[in-house]
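Chemist: Under the heading [2Fe-2S] cluster binding site, TrEMBL lists B:Cys94, B:Cys99, B:Cys135, B:Cys139.
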Amino acid sequence: MTTTLYVPRDAAALSVDADAVAVRIAQEAAARGIDVRIVRNGSRGLFWLEPLVEVATSAGRVAYGPVATRDVASLFDAGFLSGGSHALALGVTDDIAYLKSQDRLTYARIGVIDPLDADDYAAHGGWTGLANAAALAPADIVAAVTESGLRGRGGAAFPAGIKWKTCADAVSEQKYIVCNADEGDSGTYADRLTLEGDPFCLIEGMAIAALAVGATEGYVYIRSEYPHAFRTFSQAIDIATQAGWLGDDVAGSGRAFRLHARLGAGAYICGEETSLLESLEGRRGQVRVKPPLPAIEGLFGKPTVINNVVTLASVPIVLARGAAYYRDYGVGRSRGTLPLQLAGNVKYAGLVEKAFGLTLRELLYDYGGGSASGRPIRAVQIGGPLGAYLPASKFDTVIDYEAFAAAGGMLGHGGVVAFDDTVDMAAQARFALEFCAVESCGKCTPCRIGATRGVEVIDRIRAGVDRARNETLLRDLADTMIHGSLCALGGMAPFPVLSALDHFAEDFGARQ
Amino acid sequence: MPPATQPAMILKEPGLAPDARRAVLDAIEPRRALPGALLPILHAVQDALGYVPRDAVPLIANALNLSRADVHGVVSFYHYFRSEPCGRHIVQICRAESCQAMGAVALEAHAKATLGVDWHETTRDGAVTLEPVYCLGNCALSPAVMIDGDLHGRVTPQSFDTLVAATRSGA
Ligand SMILES: Cc1cc2nc3c(=O)[nH]c(=O)nc-3n(C[C@H](O)[C@H](O)[C@H](O)COP(=O)(O)O)c2cc1C
Ligand code: SF4
Ligand code: FES
């Protein structure tokens, strides 16, 4: 009898030696004359448990982790292939509290299936949304996405259905679907998890978008920092094309959609949609002035839907289960689920896909388990490097786009980075502007020059030079950047700075 | 339109060794017809040679009907592309916030001190080039480091030394 084991092939799992663990398990099994099949799945997103090894038993999949190569022999001794008890045993995977309490919709298959096995994907509900869409009129696909309440998960939270409708209504021989997989925000990895762990889900979402707006070509722009994701996703495109989910006749619809993966080149600004389009066209990634909207004049001047990975990967379930199913999750105008990504100084960092509506505190403490260092969490940055730093007094803010805006923050792509009380918030403020200066596309002065000047002013403040006057100068500079920048890099980089000044003034030295 | 002198120039590109020239042409040929071919070509050149030699620019410009200034402008815009050769191995340390919260600043200082280099510099033995990177998507296992495209998580100064030693010895 062959026992099936799962050892993740996700880059994060590999970063803590999952490959070596897989090899060790195969060797040990061979030495003991035991027949095993090792599936290389994606990650469940419970990273403190990686490498998380699962065994298919009569009681379901049971988990062990974090497994090091030196643990492998003792796992065999303990009879882990039939779920035997061991210090690393975690019980039935689906019953692990962190996982069980989540609303895994977009990430339902992550860590469950072999990411490059299209049949495994189908066996877990894959391709149903696309098959349904192929039988619908394009306008009905757009209507389903609109009714689901799905908003863009890349940062700006713009309703996906409205964007699709604009593109669908544009008249053109050629239209494009572009997926923004630039995932530049620190503290985020949801896109990477999908690209590596459930790539067919993104492919399915893009094919549905193509049928909805009448696009025949698609591009996925993957950042160069993700070479592993690029390789996996490129393979997935080939497999899906061979299987007829992409190509000249998508899902038997009689319509064509060809998909291409492209690699970025280490520029944060290329996550901004118009800069990304410039980059895809082979130019410097400089931001375009809007209008025209990409939905009307996008890639190579043609109508283009550009959406984030998570947005597009959330579409298959909307088409498979219906708009109402998705919309019933969430609160207020934030419908469905958000894959939150816990990072930084927390004990249990990982992917938490939940319906909108839990509080930041629940996320940080019930899921995150508090800080990894055991010290108090002092500040949390949400929404990437342009997001405000929130102090403990704001931890009861509800995870909802509007509630976050009201609290002076933004959810962005859902990255949550915690810092303990050893953090120097003046240093964090300085970094925000240093980053802006490094990554500015150079098109407008407030961003290009302002960020560099801002760093200098913060240096003077930190050196104790004329605190009051320099703080005024810094706030003026921030104001100029906020109001005079063409895009959100220059326009939002001041937010972490101002939030640090407002909530953590003591870190900037005494006011004279 | 490229300058009229360009075709003659490519016949004898002074700075490119024959092997490198062949590598550049091999990178160009299968990709020149792609829509937006420039980035895929630059990636292929850098994959083959480790950098994009200045003398490759006219070849690429000519193939894509761009000016040299256009191509140079693109190479210089993107942090990932380099115009100079680098060490045999590339060590990228994440400088972004999640890694900062878990000790990346100390790791960075340790790396610079033990390697004896600053960002973008190469060790004297030519083995290692040190580069900053802003997030590797491994923020749940911060601090993160990438060595020659392989990701490492929860890197401490001690494990950094072990990783670099293993890289140097070709392990
Ligand atoms: C500086 C900057 C960086 C951005 N980076 C990303 C990114 O990495 N990924 C992303 O999906 N959107 C990013 N965005 C947002 C995009 O411009 C755009 O809103 C998004 O791709 C639209 O997709 P969505 O509606 O599905 O979110 C960025 C915006 C700015 C201003
Ligand atoms: S704000 Fe900065 S990044 Fe955005 S367009 Fe202006 S210079 Fe470019
Ligand atoms: S912030 Fe370092 S890997 Fe994301």
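A Cβ is built for glycine as well, from the same backbone N, Cα and C atoms used for every other residue.
If you look at the structure here, what lies around each of the features I listed?
Modeler: Neighbour count (other Cβ atoms within 10 Å of the Cβ, all protein chains): 29 for B:Cys94 ([2Fe-2S] cluster binding site).
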Chemist: Sorted by position, what residues of the same chain at least six away from B:Cys139 ([2Fe-2S] cluster binding site) have a C-beta under 8 A from it?
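Modeler: Result: B:Ala96, B:Ser98, B:Cys99.
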Chemist: Which of the listed binding-site residues (B:Cys99, B:Cys135) has the least company, meaning the fewest other Cβ atoms within 10 Å of its Cβ?
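Modeler: The binding-site residues B:Cys99, B:Cys135 were compared, and B:Cys135 has the fewest Cβ atoms within 10 Å.
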